[in-house]
C-alpha cells in the first residue's frame, strides 16, 4: 500500500512499465514489464512468455468475507508481507520473481532470495524492506522530494492509497500474492493446454474489476514477461544470413518498436530522477517580473474550481484546499 507516512525511507513509485523494467534491470533479471490494456487472448498471446500479472488498484480496507479464492497457509513458494508503506511495488515484483523457476538474477537478488528461504512471510518482509541496496534501487526512480510543507501548521489530509498485487502460476494453481494478506490466495487449478494459467487469471481479475463502477479508473494492469529484444535480434540475424529479406523486414519493424519503447523509458526515467524545483522557481520569477503571475494563479484557481464542480456532479470527492 502506498500513501501514508510509515514508509521507513521507501518513497512512492509510479505504476509505469519503464519504472518496473529499470528495477528489473537493476536486479539483473532478463525480464521487462509492459502495459496491458486488454485481457483478450490475442493481447496476452502477443506478450508470451508471460510470467505474472501485476494489478494496481485503489486500496480500501475490507474484511476477508466475500473474498474469492482460498488462503493457502502451506504455500511452499516465496511470499513476503508488506511491513512498510510505499514498498508494495517492489515487493510485488519480488513476490513474482521468487516464484519463477530457474530465473537468472543478479548476485544481490540471488543472495536475498537464498537468505530468506524458509522464513515466515512476516520475517521475510522485514528482511526484504531492511535491504539498503533494494531500497536505494526502488527510490532511484522516485521523483526527488525537494519541497517540504512540514512546520507550516497545515492540516494533515489522508491521501488515497494504492496497492499492487501479483497473479501468477505456481505448481498447477493460479495464486494471488498480496503482501497485506496473511497468506497467498489460491484461485484454483488450470489446464496446461490452450491459454494455460492466463484463462483462469483473466476470470479472477475481470471479476475483481467488475466490483468497481463502470467509469472508475482506479486500477491498471501490467505484464511481467521475457525481454523480447535478444530473441528478436537473434532471429533477425538468422533471417538476414539466410537471405529471407521479406521476413527480416517484418522483424526490423518489430525491433524498431522495441528500441523506441526503451528510448522513451530511458528519457522518462531521466526526468523522474531530475529535480525540477530550480526550473519551477525560475519560471515563477519570470512570470512575476512580466506581471503574469497573478493572472496565471487566478486562472489556475478557476480551472481547479471547475474540476471540483465536475467531480461533485459525478459523486466524487476532491480536496478543495
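From the backbone N, Cα and C atoms, a Cβ is placed for every residue, glycine too.
Automatic, uncurated: that is what TrEMBL annotation is.
Keep in mind that what you see is a predicted model, and the values were worked out from it rather than measured.
Here is what TrEMBL says about this protein:
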- 9-226: domain 'UCH catalytic' (DOMAIN)
- 82: site 'Transition state stabilizer' (SITE)
- 88: active site, nucleophile (ACT_SITE)
- 163: active site, proton donor (ACT_SITE)
- 178: site 'Important for enzyme activity' (SITE)
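Annotated features, which come from TrEMBL, shown on the structure.
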residue : record                               : Cβ neighbours (10 Å)
82      : site 'Transition state stabilizer'   : 24
88      : active site, nucleophile             : 26
163     : active site, proton donor            : 21
178     : site 'Important for enzyme activity' : 23
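The average pLDDT for the domain 'UCH catalytic' (9-226) in the predicted structure is 87. On a Cα basis, residue 178 (site 'Important for enzyme activity') lies 9 Å away from residue 163 (active site, proton donor).
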